[in-house]
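According to TrEMBL, the domain 'TIR' annotation covers 214-279. The region 'Disordered' annotation in TrEMBL covers 557-597. Per TrEMBL, transmembrane segment is recorded for 129-153, 173-193, 274-298, 318-338, 490-512, 524-544.
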Amino acid sequence: LWPIFNVRAGQAVGMEDDSQQTRSLAASRGLARLGSGIHGFPRSLLTRTKTWSGLSHVSLDTDIREAISFSDPSLLRGMSSMKMLKGSGAILRNSEGSSATYEMSTSVGHLDVFVSHNWSTPKAKKFRALAVCFNLGPACALSMVFAMCAFAASALEVAPALSLLGGDGKEYMVGICGMCVATLVFLLSIFYWQDLALWIPGCERCGQVVFLDKTCIHQTDEDRKRRGIEGLAAFIRCSRSMVVVYSDTYLQKLWTVYELASFLALHPKGQLTVLPLFLADLLVWGQVLSFAQIAVYLTVRVCPVQKALAERNLGGVASYGFVAFVTWPAVSAFCAVFRQWLLEQARIREHARSFSIANAACFSEADRPMIKHGIAKFMQGIGLAPKDAPEEVSLAAFDLMVHEEVPRALEASVGKVGIQYRHVVTIFVCHGFYLLDKVGVQIAQGEPARRIIMDCCCGLVNTFAVYPLCVVLLSALMRVSLRLRRRASICMFTLAASLLCNVAGTAFFAAVTVLGRSAIEDDITLAAFAVCVAASFALVVYCYRPQRRRGAARCRAGDAGAEPALFPERDSPAEPAQRQDLGDAPANLETVASPDD
């Protein structure tokens, strides 16, 4: 892919008026290397090493090595992720660059993340998605610091506490400062950590090294701009991972599809993270709704309210059902938000499967014939199309590669549930803060150690197992709702599904709580509790297990032990027939996993 991606110049540098000549020159040089160095992959071009894990493990001749590496090491530049997000992502506002924006990057030895995005996407949405990606860790750490401070204050009896009435009729105290303060700190720091870090010495340099085209490719020096454009494939090869800021237009733009396909080819097992614009809203609203659920629970558990409910036979265990009913609207709203996220994932798969070079938007239509010719040569060079195949057949092979590899990469990025486990825990992180407040008050009151330990276990199980399993159930139900078309049916199904998830979650929560309290005095119940905890976490591990992304298509179908198609000298005698079949029926193209899989 390396020389083909050199023609991406238009969007990479973001210049719309004065970069046509530079783009054409870069495209000409890239395609010249393609035609002279890749077509057919002669025996002298490539030699295989002991293991196959991508093009970085292949010995290349001079022309190809130059196409995927920098002749001038100073061209490899990166910027801190904190600088990219500084000022609410001001650098993401538009594609116009200058010498000042170029100075925001520095020469580096490697890139941690290659940021792939469309400049047509609104800046605010891109900023929120990237902030969740890069600031999630610091936000968790900073909020945990505040939560631990509140925990210490509760343990020292200097923080306020609420008097609640438990399901067993006993009164107990819980703190609320840590939950309120730490949740607020988390929501603020996840979007403003890059600005807060400016006040902490040394933190500005702690961000990841990222590639952003407008800052890492010179926009005013035409010579450096041209060389930076020609080295786009080298930027991708030097990147350890890729972050795709996905929008509705991502798979409709030829250049961004080039970036994604090149990463899949150059890093068959590389870390690919898909960040839909909807993800940040899902996490924020999910955490707000989770906080509201705890607030309702505490309100219901306050002694005066419990006494009033007891008079109406709603106290004790029945109060859990009342909590489920009161929080039903919040859970319904979360179901609606999650359904939108699943619908967005379905659109991503549909866009990937319907991708066509002929219909993809190109920055300059004058470049389209040259780009299509280069893609055809690439597909022939890696053996996914016959060397003498018409250009249409080779382009169909490229379309098929996008159809198959992009959905697999998406599934590996978001998982079977549709959301990563760490994001689910983020939604319910305020439950962890509440647990710390509760334990701090228990320590201050001198509660028995076994009771404190059991309450900690119950809180951890609810936060890291019960609620994530409820999200699994919610995801399954919302996937069923995607088959509905009438708005009334969707609304009714969403309400019913949210009620079911809410009742199931409340029942699991109550069961864990009651079983945990019973285990304080009874060893047999303690053993049963341990079995339930182990089973819950085993189910969580199974549901949220990482999805392995297969390497890009490298071997011909039916050759289970065949060498990758990059090495034609090892082709089987049946190869001509296979290639002929490909030319007659491009739809019969199949992919198999790389030998490492």
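Cβ coordinates come from backbone N, Cα and C, glycine included.
Tertiary neighbourhood of the transmembrane segment (524-544): same-chain residues 415-417, 420-421, 424, 454, 457, 461, 464-466, 468-469, 472, 512, 515-516, 518, selected by CB-CB distance under 8 Å and a gap of 6+ residues from either end. Secondary structure of the domain 'TIR' (214-279), assigned with DSSP and counted as helix (H, G, I), strand (E, B) and coil, comes to 36 helix, 15 strand, 15 coil. A Cβ distance under 8 Å defines the sequence-distant neighbours of the transmembrane segment (129-153), meaning residues of its chain 6+ beyond its ends; these are 81-82, 84-85, 89, 92, 115, 159, 175, 177-179, 181-183, 185-186, 189-191, 193-194, 196-197, 207-208, 243, 245, 273, 275-277, 279-280, 283, 422, 426, 429, 432-433, 436-437, 439-440.
Mean pLDDT of the predicted structure over the domain 'TIR' (214-279): 81.
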